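Since the structure comes first, as structure tokens, the remarks are kept for the end.
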């Protein structure tokens, strides 16, 4: 048995897919609520649910529909521990989805295009700037690649004007900044910092 989120912008967002008896399938959105989604997020080590979706928001899945009328209390260890109806009257246009608190996605704003500008990330539903105190060539390179923008050319700095602050510290070329060491809204590393920016060659 396995669980994953598919079709989202990170491993902590997307259509709920579960594997049973070697086949991947989906969960119907009938009675899908925050308690059910909390169990999924916790099971995937993605924190807690901040938003739920129905109507195949992240695209229609394939394979069997493995659960309908899921009824978790929110404290179960896994989605399999929750009561549900195995027979269903659903189709894949009713696939359930979730955005978990640890979902992170990034953008570059204020530049000529999506490959240049101030680094902004969303985390726990809040848009944040990134403190430049630990923002070096490696971090910029990880972000440019994640965005499909090639490699960094230069790293201008900006002012902090968003509600949140993120700090990232990579020790190697990771698939995304979420795989590096990071902290959220810790004042010490951000003291007197500027907001990081990057111009990628893509």
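Just so you know, glycine gets a Cβ as well, placed from its N, Cα and C.
The disulfide bond annotation in TrEMBL covers 72-82 (among others). The Cβ of residue 82 (disulfide bond) has 36, 39, 70, 71, 72, 73, 76 as same-chain neighbours under 8 Å, each 6 or more residues away in sequence.
Taken from TrEMBL, the feature disulfide bond covers 170-180 (among others).
Among the features that TrEMBL reports, domain 'SRCR' is placed at 3-101 (among others). Note on the domain 'SRCR' (3-101): its mean pLDDT in the predicted model is 96.
Taken from TrEMBL, the feature domain 'SRCR' applies to 106-201 (among others).
Residues within less than 8 Å, Cβ to Cβ, of residue 180 (disulfide bond) and separated from it by at least 6 positions along the same chain comprise 139, 142, 168, 169, 170, 171, 174.
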